[in-house]
């Protein structure tokens with residue numbers, strides 16, 4: 001009897017262990033199924049997010065007056081070809097710049113690891129002789145007043161007889177002293193393309209950190225100050241364009257001196273961030289608006305380099321850019337500057353933002369790479385010129401003041417518009433490639449994951 005009782009107890013214990021094992025097995029299987037469902041759901045969300053980020057941008061560009069589709073179409077068919085031809089003419093390919101300046105904020109410790117970091121300066125006999133002649137100077141009382149406008153309205157036009165010769169006058173939005181010709185040198189931009197230079201590390205990061213954290217902080221989601229949002233988006237758009245050009249002309253193999261496109265870098269720095277792409281479009285339309293607003297001045301300007309054939313070409317291309325019927329029909333006012341600087345605090349706010357942008361231009365002297373400094377100064381001057389055209393100067397909108405531009409400002413403005421135009425074109429061309437790539441990459445982890453879990457399930461259920 002005792003032995004039979006012991007046997008029954010052992011069977012009972014064994015059955016309880018078996019049932020407990022089955023419970024654990026079922027629990028493990030349930031947990032695995034839940035994990036698989038959760039993973040597949042998150043993978044689907046991730047895939048849809050990637051597809052959404054890489055899709056073609058649609059609708060109106062934020063705070064502008066044109067939509068993405070129109071920008072892509074007009075840029076590809078009209079603006080990009082015109083600008084590509086314009087920047088190769090002698091007038092627009094020589095830029096006057098002060099390359100060597102002490103950084104006003106910290107000791108220069110930038111290091112470049114490529115010879116491409118250096119700039120090839122022009123010998124004096126290369127750039128146009130007309131550039132060496134002193135520009136005309138105009139006395140303030142020599143300027144005629146424009147017709148009076150109602151104080152409540154913003155004058156969105158410029159006087160039709162504005163060009164009176166190239167002058168030397170400092171841009172209030174930037175810090176470079178254009179009248180100090182002793183330290184200036186001319187650079188052929190075609191021989192010094194904007195591309196990868198190897199300028200990386202703490203020095204490069206410190207420039208952008210100083211720009212964003214001290215002078216152009218990202219606005220909060222509830223920010224209602226449109227002017228602060230404009231400054232941030234302009235700098236962000238310019239930053240995106242610079243990153244795109246670095247990735248588009250990248251040193252792929254230093255031993256073979258092989259250059260080409262680095263799509264991964266372009267995606268990592270710009271294309272995976274929709275906001276950065278949107279800000280690029282915004283900056284492009286902002287600068288385009290400045291060019292079209294100054295059309296009377298730019299049409300009448302003298303593009304004299306001593307080469308009649310090339311000078312006529314430059315003049316013709318400028319007129320085609322300013323008066324293109326397709327552009328005027330599709331996007332007559334790319335950006336509406338009249339909605340800014342409203343209220344009593346308008347002039348004070350303009351002075352504040354002007355001071356911040358001047359600080360950003362001063363930071364270009366802290367760039368530790370010569371070629372990066374060249375293109376940084378050119379594009380910041382171009383952006384400062386656009387701000388000058390659209391927002392006048394000195395904290396007030398002066399109806400009695402003619403627009404006055406330096407030759408260098410016009411060169412910088414047109415080259416900046418070309419850089420932005422190229423970036424827009426590259427985004428349009430590269431997005432479909434990334435859409436296919438992301439689709440393939442997003443499916444690979446799912447297949448590997450499911451295969452691994454199938455093996456695990458077989459292991460768990462193998463003896464059941």
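Even glycines carry a Cβ here, placed using N, Cα and C.
Of all the Cβ atoms in the protein chains shown, 25 others lie within 10 Å of the Cβ of residue 369 (active site, nucleophile). The active site, nucleophile annotation in TrEMBL covers 369.
Taken from TrEMBL, the feature active site covers 372. There are 24 other Cβ atoms within 10 Å of the Cβ belonging to residue 372 (active site).
The FAD binding site feature in TrEMBL is assigned to 195, 197, 208, 236, 239, 269.
If you look up TrEMBL, you'll see 112-117 (among others) marked as disulfide bond.
For 369-372 (among others), the entry in TrEMBL reads disulfide bond.
TrEMBL lists 28-50 with the feature transmembrane segment.
When the record's FAD-binding residues 195, 197, 208, 236, 239, 269 are compared pairwise by CA position, the greatest distance found is 21 Å. Calculated from their C-alpha atoms, the gap between residue 369 (active site, nucleophile) and residue 236 (FAD binding site) amounts to 21 Å. Here the CA atom of residue 372 (active site) lies 12 Å from the CA atom of residue 239 (FAD binding site). Rounded to the nearest whole angstrom, the C-alpha distance between residue 236 (FAD binding site) and residue 372 (active site) is 17. Within the same chain, residues at least 6 positions away in sequence whose Cβ sits under 8 Å from that of residue 269 (FAD binding site) are 240, 243, 244, 247.
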